[in-house]
Amino acid sequence: MKLKQRVVLLAILLVIFIFTKVFLIDNLDTSAANREDQRAFHRMMAGLHVELDPRLEHTLQSPWEIAAQWVVPREVYPEETPELGAVMHAMTTKRIIKADVGYKGTQLKALLILEGGQKVVFKPKRYARDYVVEGEPYAGYDRHNAEVAAFHLDRILGFRRAPLVVGRFVNLRTEIKPVATEQLLGTFMTVGNNTCFYGKCYYCRETEPACADGDIMEGSVTLWLPDVWPLQKHRHPWGRTYREGKLARWEYDESYCDAVKKTSPYDSGPRLLDIIDTAIFDYLIGNADRHHYESFQDDEGASMLILLDNAKSFGNPALDERSILAPLYQCCIWQLCCNS
């Protein structure tokens, strides 16, 4: 073999060697990074795991007293919550001592008082798990399981702005009717062999009751926020008109965010950033129905936007409603840290 050929061959081998070494190092680095990602993921999952254990160690307080003490202007519950399982267990098991019609709203719900005096909101199951809600992104009844899923997504994202929610089965005949107010009791009926009720709300109709399976009804239970933290309701600046053929200003004015930034409470403080956080949250859960929102009263814009009423979510897994993200793509800002 001639010298020139040997040099060329040697150069080719050298290039192959270098590429092989770089590739192996990259693979090792990538594998190490993947392993670290997996460890971080497992640490996160371990932190999110909740054991519904009734025991409350190192305290004589009730679960309700503990949950009430968690609430601060920028959080409903803290990042470290060793008592969370006990509070959620109490929500699923404590005896119901009173049942009434739900607070004002458009959808069916019941207001329950659990043993120990804790208020909770019960939203009944209206759809099977695999039911797909067609039509507008805000169509259909509330989905009780959407409330549960949205609460846990709030935990995963680190927002900590959604009240605690659990699933619960209740016996309408033995647990609800004996302690129901006359107003709620008057909406009960029997359809076939099933106990049903239609409650009182804007869209509640005797012709559209929620029905148990026999007497057993599945639903979601949302923990009522402490009375010492009264809520203030606000119209969402990116709310819909809900009128066919009539658009809200944000739907046709791409500079709409500039106008919002000049109005209180969006001209200072964290409220506009909270609106954008909430838009991302709502996009992930498919909630296009946040026409109003709540904050704590007399907060001068400093309190968080509380993630209440998330039941118009997870209706259609095939639908990604881009308009939910309007606050994000019109304002082009994003809060990188959740509770600052």
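Cβ from N, Cα, C; glycine included.
Heads up, TrEMBL stuff is auto-annotated, nobody curated it.
Here is what TrEMBL records for this protein:
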| type | residues | note |
| --- | --- | --- |
| ACT_SITE | ASP289 | active site |
| BINDING | GLN107, LYS123, THR222, LEU223, TRP224, LEU225, GLU294, ASP309 | ATP binding site |
| BINDING | ASP142, ASP309 | Mn(2+) binding site |
| DOMAIN | 188-333 | domain 'FAM20 C-terminal' |
Exercise. Here the binding-site residues are ASP142, GLU294, ASP309; which one has the lowest number of other Cβ atoms no more than 10 Å from its Cβ?
Worked result: GLU294
Seminar exercise, completed: Same-chain residues at least 6 apart in sequence with Cβ under 8 Å of the Cβ of ASP289 (active site), in sequence order, are PRO137, TYR138, LYS312
Seminar exercise, completed: Across the domain 'FAM20 C-terminal' (188-333) the predicted model averages a pLDDT of 95
Exercise. About how far apart, in whole Å, are the alpha carbons (Cα) of LEU223 (ATP binding site) and ASP142 (Mn(2+) binding site)?
Worked result: 17
Problem set entry | Largest CA-to-CA spread of ATP binders GLN107, LYS123, THR222, LEU223, TRP224, LEU225, GLU294, ASP309, angstrom | 19
Problem set entry | Closest of LYS123, THR222, TRP224, LEU225 to ASP142 (Mn(2+) binding site), Cα positions, binding-site residues only | LYS123
Problem set entry | Candidates LEU223, LEU225: member of the binding-site residues with the richest Cβ shell (10 Å) | LEU223
Seminar exercise, completed: DSSP composition of the domain 'FAM20 C-terminal' (188-333), residue counts helix/strand/coil, works out to 33 helix, 32 strand, 81 coil
For this session: Count the other Cβ atoms sitting within 10 Å of the Cβ of LYS123 (ATP binding site), across every protein chain shown.
Result: 26
Exercise. So which one is it: of the binding-site residues GLN107, THR222, which has the fewest other Cβ atoms within 10 Å?
Worked result: GLN107
